[in-house]
Amino acid sequence: MSAQVMHNRVMGTVKDSASKLVDFLMRHHGQTVLLTGAGVSTDSGIPDYRGPQGIYSRNKDFKPIQYQQFVGPHEFRQRYWARSFLGWPKVSQAQPNASHHAIAALESRSHIAGCITQNVDGLHRRAVVIENPNLLEIHGTLHWVNCISCGYKLQRSAMQEQLQKINPIVYEWQRLNPEKSNADVASSLNPDGDVEIKWDYNHFKYPHCPECNGLLKPNVVFFGENMPMTVRDTSFKMIDDAKALLVVGSSLQVYSALRLVKRAASTGKPIAILNLGFTRGDELAQIRINLGSSAVLEELASTIR
């Protein structure tokens, strides 16, 4: 398999790479499923984890919050919600980029069977005119908040309004400094929608569930948290029903994504990977393109009709 991967590694131009993917999609007659990662959203201003400008490159000490921390001591939730409060405006205002629009176009033309995304930014949904039933957000979405006790749900925008009301000093700073990203309060945005904070957040307040006084948590799968079984099973079925898999913008470092690639490979499904930088699935791919996603997907969508 390794020799086959090297033989099909595309080292040429954007046009060459797009041409290779045109052949890949056409060969599988609309039964290719996509798996997308953070690299798809970098052109929308949301950084990835491991890319050249990713959070791990910018901050070697970065550690995302763990599920057990969030449900543990109060201080962890204070820190999380303070960071999320400051990061939310940029996430909520982010716009789909060329990658999202190209993927939406490919699906509308029936060239792909569905899209499994690791991203929690909601940009795949914003790129389509009609709600896409074949989009699966395996790690959830930042746009909703759930009570972990009773299941009460509210939109993240409503949560932001509540946080503004009970933290007027921080809100006033944010209102007066909407573009300030490296000041005393906050530095740059992280992939999970929060920011690094450089101030004492011990007085930051956050609301509890209005129904049962339980803990409110963003509707995302934290590190150390199990993916819902229904989501896992749906992702497996999408892979099983497909004839091929195209991975875009993911290093496949997270097991929930890597296992989908391994599942496809275990049944002999052809795999193509478009990602700038190494991925854990490289040895399983028949086509490997080491480029960013936007230019290649835009060329692909403009070529294939």
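Glycine too: its Cβ is placed from the backbone N, Cα and C atoms.
Listed features, source Swiss-Prot:
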- HIS139: active site, proton acceptor (ACT_SITE)
- 37-57, 118-121, 249-251, 275-277, SER293: NAD(+) binding site (BINDING)
- CYS147, CYS150, CYS209, CYS212: Zn(2+) binding site (BINDING)
- 11-305: domain 'Deacetylase sirtuin-type' (DOMAIN)
- 1-10: transit peptide (TRANSIT)
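Positions of the features from Swiss-Prot, shown on the structure.
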{"residue": "HIS139", "record": "active site, proton acceptor", "Cβ contacts under 8 Å, 6 or more apart": "GLN118, ASN119, VAL120, VAL220, VAL221, MET227, SER256"}
{"residue": "CYS147", "record": "Zn(2+) binding site", "Cβ contacts under 8 Å, 6 or more apart": "LYS153, CYS209, GLU211, CYS212, GLY214, LEU215, LEU216, LYS217"}
{"residue": "CYS150", "record": "Zn(2+) binding site", "Cβ contacts under 8 Å, 6 or more apart": "CYS209, GLU211, CYS212, GLY214"}
{"residue": "ASN275", "record": "NAD(+) binding site", "Cβ contacts under 8 Å, 6 or more apart": "GLY37, GLY39, VAL247, VAL248, GLY249, SER250, SER251, ILE289, ASN290, SER293"}
(request) Starting from the Zn(2+) site formed by CYS147, CYS150, CYS209, CYS212, give every other residue of that chain whose CB sits within 8 Å of the mean position of their CB atoms, in sequence order. (result) ILE148, SER149, GLY151, TYR152, HIS208, PRO210, GLU211, ASN213, GLY214, LEU216
(request) Take the Cβ of GLY37 (NAD(+) binding site) and count every other Cβ within 10 Å, whichever protein chain it belongs to. (result) 26
(message) Going by DSSP, is CYS209 (Zn(2+) binding site) sitting in a helix, a strand, or coil?
(response) coil
(message) I need the most crowded of these binding-site residues: CYS209, CYS212. Count other C-beta atoms within 10 angstroms of each C-beta and give me the top one.
(response) CYS209
